[in-house]
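What follows is a short report on a single structure.
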Amino acid sequence: MKVLNFGSLNIDYVYSVNDFVQKGETISSDKLNVFSGGKGLNQSLALSKAGVEVYHAGAIGEDGLLLEKLLRDNGVNTKFLRILSDVRTGNAIIQKNNEGDNCIILYGGSNKAISKEMVDDALENFEKGDWLLLQNEISEISYIVEKAYEKGMKIVLNPSPMNDRIFDINLNYIHCFILNEVEAEALTEKSDDKEVLLKKLQEKFPHAEIILTLGEDGSLYVKNNEVIEQKAYKVNVVDTTAAGDTFTGYYLAERLNGKIVKDSLDTAAKAAAIAVSRNGAAPSIPQKDEVLNF
Ligand code: RIB
């Protein structure tokens, strides 16, 4: 059984601000940090650090070679990562405030240069029973899902960031959704009650495993009417960027390593707690032994 993450890679420009910039305003930032990121890269790193052999497919420009090195140095297989000469690597402009919250502007760059031919090239190396992890920061996501499903791959979708492109996907093909409240509401309807939201998701996708992440309120899992609650571990919040990616990668890794849902959620919650206590996206993702000692 092989695991493929077809996802974005970004260079994150993180500006530390007291408050997020408002319409018409010009503000100064206290600090600029440049980190490796992208939901795809972050999730591949988390999977690998959690002990799963993962292939990362995607694209960078020639200015993004550091991202490939980071993945390789952390044990991710980059055989299906393309280096394109005519586009720049995707990037993110991130404002981070004193509470550790963020606002993100993405520039897709190479992430939006994924073509059907690249998808076919990568997927021909995978087969029935292999796993595919996907987010929403690259082009051709509906084609990827279509082709992976045809092959009999199991598809895990983190529909983030949420936008209309998610609705191009045949969502009945998804084996597992890992999503936050905003994404869940976009797929169903607005609801202030988390349990109701979970129920609506289950009604809409009765065959899928669903994990609803709730930030500081933890997460909720449902499959076949079995609901499992997971608390979030309290830590000093420094930067919430990539907490969700860390959770996703660790949860999936634990499940693929044969752990039961409850224990996998717990490990993922610990990993995410460590991530929010540190600065940056990729640099905040903990190693497995740190999670076990948490
Ligand atoms: O989930 C966090 C990530 O979102 C950042 O690393 C940024 O690149 C954006 O993709």
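Cβ coordinates are placed from backbone N, Cα and C, and glycine is handled just like the others.
Lifted from TrEMBL, the feature list:
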- 3-287: domain 'Carbohydrate kinase PfkB' (DOMAIN)
- Asn10, Ile11, Asp12, Gly38, Lys39, Gly40, Leu41, Asn42, Glu137, Asp245: substrate binding site (BINDING)
- Asn180, Thr213, Leu214, Gly215, Glu216, Asp217, Gly218, Gly244, Asp245: ATP binding site (BINDING)
- Asp239, Thr241, Ala275, Arg278, Gly280, Ser284: K(+) binding site (BINDING)
- Asp245: active site, proton acceptor (ACT_SITE)
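This view paints the features noted in TrEMBL onto the structure.
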residue : record                 : Cβ within 10 Å
Lys39   : substrate binding site : 28
Leu41   : substrate binding site : 34
Asn180  : ATP binding site       : 19
Leu214  : ATP binding site       : 17
Gly218  : ATP binding site       : 17
Asp239  : K(+) binding site      : 26
Thr241  : K(+) binding site      : 28
Asp245  : ATP binding site       : 31
Ala275  : K(+) binding site      : 29
Ser284  : K(+) binding site      : 24
Binding-site residues close to ligand 1 - of Asn10, Leu41, Asn180, only those whose C-beta is under 6 Å away: Asn10
For Asn180 (ATP binding site): DSSP state (helix, strand, coil): strand
Cα distance (Å, whole number) from Leu214 (ATP binding site) to Arg278 (K(+) binding site): 19
Minimum Cα separation from Asp12 (substrate binding site), reported as the residue among binding-site residues Gly218, Asp239, Ala275, Gly280 that achieves it: Gly280
Cα proximity to Gly280 (K(+) binding site), best match among binding-site residues Glu137, Asn180, Leu214, Asp245: Asp245
Largest CA-to-CA spread of substrate binders Asn10, Ile11, Asp12, Gly38, Lys39, Gly40, Leu41, Asn42, Glu137, Asp245, angstrom: 16
Leu214, Glu216, Gly218, Asp245, Ala275, Ser284 screened against Lys39 (substrate binding site), Cα within 10 Å - retained binding-site residues: Asp245
